[in-house]
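Visitor: What Swiss-Prot shows for this protein is this:
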- Arg49: NADP(+) binding site (BINDING)
- Gly288, Lys303, Pro304, Pro305, Ser306, Ser307, Arg330: FMN binding site (BINDING)
Amino acid sequence: MASRDSLGEVFRVSIFGESHGPGVGALVTGVPPGLEVDEAYINRELERRRPGGPYASPRREADRVEILSGVFRGRTTGAPILLFIRNVDVKPGFYEEFRYKPRPGHADYVAYERYLGHQDYRGGGIFSGRRTAALVAAGAIAKLVLARYGVRVYAYVKSIGGVEARVEPRDSEEFRRAIDRDPLKCPDPEASERMRRLVEEARREGDSLGSVVEAVAFNVPPGLGDPPLGGVDALLARAVMAIPAAKAVEFGEGFALAFMRGSEAHDSPRAVGGRIVHETNRSGGIVGGLTNGMPIVFRVAFKPPSSIPKPRRTVDLRSLGEAWVSGKGRHDPVIGPRAAPVVEAVTAIVLADLLLLREALLPEWVEDLRPWTRGEAGGD
């Protein structure tokens, strides 16, 4: 059973650190030996999430990983991999006011109750998006595992403030470059331009915007998952909902399925070139908690960032009197662009774990046990 700070059973990721502590990091266990990896590769992944730029927090973190164990001469050893990212640009003085005056939308009050007032409140502590850097670093290792199976994951900003990208995700480096070269991680140039104007307007008004990130995983084999509680959609939902500010997730057509008829909602299988495919993908590649061989498609909704300059009413926890707070510190006007690489990373972590678990439980020789390979007719 995964703990509150970890994901996975075979490929297991545990994260640690706080926003304004010495740093954040991840312990990754269950990594096969012999995978080629170095700090430069992980740093390139971290660069995709790093703050800065006109549409993100001005906090300037170098985000350079240190591999402290589990890698020798550029290859994984099979031992646990400890990844550490130092915090450099910390300004804890911004947050003293919020120790007893919880910010609306932040975890300040609930953390005060949960940890009896002993929580690290600087920058949100363990509730800060800063810890997602550790997930991205661990996700870089997970992607090396996925590459062995030919599985690739992409995540991009689907919408900001109601402006929606109209793109067909593709399994190509060209599609990845289109995501990464856009400052909002939106591969639709026209939609991105409209999104930028909205973000700039919200920032001028001292406000923030909500966003949706879509993730797509290609070449995932059918039959992956361990339902009911270990279904692929259940595990992915748990993982992405642990990302700060995530508030909803839907797979395939998601909530739109509630407004369809059964005759139009379900994906019909057919045989093409000796393999089973589906005519549509309204289920998002997952049925009954198991993958069906189609691309996994899901979307994550992120609320508008809670820290905004506009004054808002709160309560002083010492006197229980009314108080007012405004967003100090350095914060993002919209979360989606920096969350997209995080969604991609946790998706890779979940799928790497499931693939390695399947390999451990179902070695290649079990294919001989399928009914038709034994000449059994099937059916009752």
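For all residues, glycine too, the Cβ spot is worked out from N, Cα and C.
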Visitor: Counting all other Cβ atoms within 10 Å across every protein chain shown, which of the binding-site residues Arg49, Lys303 scores highest?
Guide: Arg49
Visitor: Would you identify which of the binding-site residues Gly288, Pro304, Pro305 has the most other C-beta atoms lying within 10 angstroms of its C-beta?
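Guide: Within the set of binding-site residues, the most crowded position is Pro305.
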Visitor: Which residue, of the binding-site residues Ser306, Ser307, has its CB surrounded by the fewest other CB atoms within 10 A?
Guide: Ser306
Visitor: Quick one: pull the CA-CA distance for Pro304 (FMN binding site) versus Arg49 (NADP(+) binding site), whole Å only.
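Guide: For Pro304 (FMN binding site) versus Arg49 (NADP(+) binding site), the Cα atoms are 18 Å apart.
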Visitor: What Cα-Cα separation, expressed in whole Å, is found between Gly288 (FMN binding site) and the residue listed as 'NADP(+) binding site'?
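Guide: The residue listed as 'NADP(+) binding site' has its Cα 33 Å from the Cα of Gly288 (FMN binding site).
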Visitor: List the Cα distance (Å, whole number) between Lys303 (FMN binding site) and the residue listed as 'NADP(+) binding site'.
Guide: 18
Visitor: Given Ser307 (FMN binding site) and the residue listed as 'NADP(+) binding site', what distance in Å do their CA atoms have, once rounded to a whole number?
Guide: 19
